[in-house]
Amino acid sequence: MQVLPPSSTGGPSRLFIMRPVATTLLMVAILLAGIIGYRALPVSALPEVDYPTIQVVTLYPGASPDVMTSAVTAPLERQFGQMSGLKQMSSQSSGGASVITLQFQLTLPLDVAEQEVQAAINAATNLLPSDLPNPPVYSKVNPADPPIMTLAVTSTAMPMTQVEDMVETRVAQKISQISGVGLVTLSGGQRPAVRVKLNAQAIAALGLTSETVRTAITGANVNSAKGSLDGPSRAVTLSANDQMQSAEEYRQLIIAYQNGAPIRLGDVATVEQGAENSWLGAWANKEQAIVMNVQRQPGANIISTADSIRQMLPQLTESLPKSVKVTVLSDRTTNIRASVDDTQFELMMAIALVVMIIYLFLRNIPATIIPGVAVPLSLIGTFAVMVFLDFSINNLTLMALTIATGFVVDDAIVVIENISRYIEKGEKPLAAALKGAGEIGFTIISLIFSLIAVLIPLLFMGDIVGRLFREFAITLAVAILISAVVSLTLTPMMCARMLSQESLRKQNRFSRASEKMFDRIIAAYGRGLAKVLNHPWLTLSVALSTLLLSVLLWVFIPKGFFPVQDNGIIQGTLQAPQSSSFANMAQRQRQVADVILQDPAVQSLTSFVGVDGTNPSLNSARLQINLKPLDERDDRVQKVIARLQTAVDKVPGVDLFLQPTQDLTIDTQVSRTQYQFTLQATSLDALSTWVPQLMEKLQQLPQLSDVSSDWQDKGLVAYVNVDRDSASRLGISMADVDNALYSAFGQRLISTIYTQANQYRVVLEHNTEITPGLAALDTIRLTSSDGGVVPLSSIAKVEQRFAPLSINHLDQFPVTTISFNVPDNYSLGDAVQAIMDTEKTLNLPVDITTQFQGSTLAFQSALGSTVWLIVAAVVAMYIVLGILYESFIHPITILSTLPTAGVGALLALMIAGSELDVIAIIGIILLIGIVKKNAIMMIDFALAAEREQGMSPRDAIYQACLLRFRPILMTTLAALLGALPLMLSTGVGAELRRPLGIGMVGGLIVSQVLTLFTTPVIYLLFDRLALWTKSRFARHEEEA
């Protein structure tokens, strides 16, 4: 047993060095907990940071946008506006549909928001139209969030009405019940119904009106309680044939008598089994289909939700006829898994590179094994803590662990290098471990807490960006803390038992060659450092110039919000002239689909035409383009989009707007392009005046592309101008006029057919194929007070006008959204500034307010807080270092290394053509924590040499630089190689990871070169300043 000197206490490491079994078992426990935690952690693309969002949809077939706004949307908005915790309320009122999107504060639980929404709907019920077919329906879903899965249901033998009926009752309901599913929408609109198409000439010839027919149908088809008979011995329930189930039964319905002869419905109308809404259609590739879009609840885990759906699909499809085919056209989790797999591979690559650099420096297998154990142990142990914090394995947490690879090895390297130095001097391994660990303990604590201090401001970032990076910061901090524990426990224990003078002195040809190389490098560094110390003011000017250069680079570098990801899915909006009909739009859509499907990168396509909860008007269509996997196509998504738009430009009469689907969705409205800018006013007239002027100017800006607006005020309207006096003399009310028009042209739902499985509608309309266009209005007949039949044309004139196709509100006021993309040679920051400058030139009136929305608003918020975030990180680190060193001066010396890192990071981003986005800013903040390690290691040893060996400050810092050169170089290269796989990543999701790697690699290279010279110079200058200050105070005290 070795006899230890009294001074060899080993500090906090002593207990673990002396008890190797306990230390080993403790580390095994950390390893097992981490492995169990890894298996229990869910997988997702990004941390779950969705705003609690609820969508409320109300359908009122036949109602104009103006009626939907005043009769449906406005009463609901007034009730919703009184809810607490509401962040933003937007609405879209179009022909027959009202969609209100409610976005709540991040702190409000979604279930609480749901209760408030239900209460508000109940309060507004009495204010809504009495003939509303169905009450408002809410869904816990963000309409702008792309579906997690899209399925197409087709059949070669069955009509689409039967297919939709089966899908709705057998498939969609079951999927809706899966935990995490927020909404299942069926696009294609082929719900079964009995359609009654009146022959206007026939009923007019018989002296009947559409109101007569409607009354007859509603009275003939009822489903109500009839009671029961309760006798002395038995009870009998009453039933009757009050329901009509088929088109044939309705065809035989007697609606009136004339001269004693019955007039049946089939005599004056075409009665057929059809679709409830004939102005809806969906296609999968070129085949008509029922398209099922599955959206998740905000906050639900996308991977587990998609897995549950796939597990249930075989069981659901077995219940369908063999002629019905269910195809999964898109699954966002495929790319998410691929992205996470690529990030995990880069994590393993980073570990391998770090271990390789350790061996290169230590040139000793036992010495390499020690940090080779410490690194994975620290990372794996982090998973156990992540489980307790409800984190997930996602791109950001894996990026944090990848970056942590370079951090966690630093502590082990510093400990090993210091212990090895004492062994090489002749100390016994155990004594060297105790002495070296005790000596380096304070340095390790300084490194750890100063690094964690940098991450603290990230935890206080506001809004969704702060939530997004909270998991990143905490995961990284936990890994760093675990590495500190491992470095002060396991690492010195392993050094005491695995290192020896023989093992350290044992050299092969590679060891000898590398040793000579390092000796030459250290000698050259020593000569260069001596020259630099002789010219301190020149070196100081270089340090100050880096500070100035970092500010200039910060001002001029292109700025963005979040990297545009290639997730293999493109969302598209097809726009046609505002007067386009459903048939015309469907034809144009099929032309565009043919062009898109010819592109070699496209795997499948779904498209939808018609007005529903997501599509506002008949002149627009929604498309989802699913690309082939990244390794099966030559181009990334942005190039594919450019190619598709060029190809579709050849199709006359349509405009196509495309944007890649992103994992992070901040918007609440389905947009044509990536970024949005809104104009809000107190009236639609103000918008109609200023929107065209602003659009004209924005379309001329080179910083913007694909500029479009949702302002569509040229929809054709047939305005029925009723002579109220004439109508009153005949006993005809405006309600009679509206009823007649609605029954003729509104696809009016007049009755319900009840079955055991579902409910179906009876739809009444005029057969416009007999009398098409505006001439159909001449066939409308009304009943006067004396029972006579009066043509509508005798009391009204029809005028053709223009009106908006949809009316949009933001927080209850009219709004229009201008959408835009940013060309490749400009940044989002350039675009935002150009829009703001253009707005100023217009001199908008005070009743017009403008605001960026969605990602652009988040970009402005993040950009505004970035400088303060960096300042907060620097201040936090200064406070921690000041407390640790009990000095106001030494923390400034350490922080003087930061500008060099900023210069390197910003230069690297500019050279690589990357924007300064949120991911890159996080990299710069991390650099603040990394590069100061060099200064800490130098200053710690210089202070110790001054204090213990009585050396002069110059000799102390010179010796410290030479002694710590190798660990400084080793730790910097380890951090650099930890970030290198992120910088060089090319797989799925590489766009998200690359800016972090580029910034860190560039910052580490420049800071490594400069701080090795600037830090000792600044240390000496501040030492002289401290001496001068002390002498001044001493002189004043003597004089006093």
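The backbone N, Cα and C atoms fix where each Cβ goes, glycine too.
According to Swiss-Prot, the transmembrane segment annotation covers 16-36 (among others), on the basis of sequence analysis.
What Swiss-Prot lists as transmembrane segment is 347-367 (among others).
The feature transmembrane segment is assigned by Swiss-Prot to 369-389 (among others).
Feature annotation from Swiss-Prot assigns transmembrane segment to 396-416 (among others); the stated evidence is sequence analysis.
Outside the transmembrane segment (440-460) by six or more residues, the chain places 11-13, 407, 410-411, 414-415, 418, 466, 469-470, 472-474, 476-477, 480-481, 483-484, 487-488, 869, 872-873, 876-877, 879-881, 884-885, 894, 922, 925-926, 928-930, 932-933, 936-937, 940 with a CB less than 8 A from a CB of the stretch. According to Swiss-Prot, the feature transmembrane segment maps to 440-460 (among others).
Annotated transmembrane segment per Swiss-Prot: 472-492 (among others), in sequence order, evidence recorded as sequence analysis. Proximity of distant same-chain residues to the transmembrane segment (472-492), defined by a Cβ-Cβ separation under 8 Å and at least 6 residues beyond the stretch ends, is recorded for 10, 12-13, 16-17, 23-24, 26-27, 30, 47, 370-371, 373-375, 377-379, 381-382, 385-386, 389, 391, 396-397, 399-401, 403-404, 407-409, 411-412, 414-416, 419, 433-434, 436-437, 441, 444-445, 448, 451-452, 455, 458-459, 922, 926.
Per Swiss-Prot, the feature transmembrane segment maps to 537-557 (among others).
Within the chain, the transmembrane segment (863-883) has long-range Cβ neighbours (under 8 A, six or more residues past its boundaries) at 446, 449-450, 453-458, 460-462, 559, 829, 890-892, 894-895, 898, 921, 924-925, 928-929, 932, 936. The transmembrane segment annotation in Swiss-Prot covers 863-883 (among others).
Tertiary proximity for the transmembrane segment (888-908) is limited to same-chain residues at least six positions away from its ends with a CB under 8 Å from its CB atoms, namely 450, 543, 546-547, 549-550, 553-554, 557, 874, 877-878, 881-882, 916, 920, 923-924, 927-928, 930-932, 934-936, 939, 943, 998-1007, 1010-1011, 1014-1015, 1018-1019, 1022, 1025-1026. The feature transmembrane segment is assigned by Swiss-Prot to 888-908 (among others), with sequence analysis given as support.
What Swiss-Prot records for 911-931 (among others) is transmembrane segment, and it gives sequence analysis as the kind of evidence. Beyond the ends of the transmembrane segment (911-931), by six or more residues, the same chain brings 403, 406-407, 450-451, 453-455, 457-458, 465, 468-469, 472, 476, 554, 557-563, 827-829, 862, 866, 869-870, 873-874, 877, 897-898, 900-902, 905, 972, 975, 979, 992-1000, 1002-1004, 1007-1008, 1011 to within a C-beta distance below 8 angstroms of the stretch.
The annotation transmembrane segment is assigned in Swiss-Prot to 968-988 (among others) on the grounds of sequence analysis.
The annotation transmembrane segment is assigned in Swiss-Prot to 998-1018 (among others) on the grounds of sequence analysis.
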Hey, which bits of the same chain come close to the transmembrane segment (998-1018), Cβ under 8 Å, at least six residues off its ends?
403, 525, 528-529, 532-533, 536, 539-540, 542-543, 546, 893-894, 896-897, 900-909, 911-912, 914, 920, 923-924, 926-927, 930-931, 934-935, 938-939, 957-958, 960-961, 965, 968-969, 972, 975-976, 979-980, 982-983
How about long-range neighbours of the transmembrane segment (968-988): same chain, 6 or more residues beyond its ends, C-beta under 8 Å?
335, 338-339, 342-343, 345-347, 349-350, 353-354, 356-358, 361, 399, 402-407, 409-410, 413-414, 417, 566-568, 630, 923, 930, 933-934, 937-938, 994, 996-998, 1000-1001, 1004-1005, 1007-1008, 1012
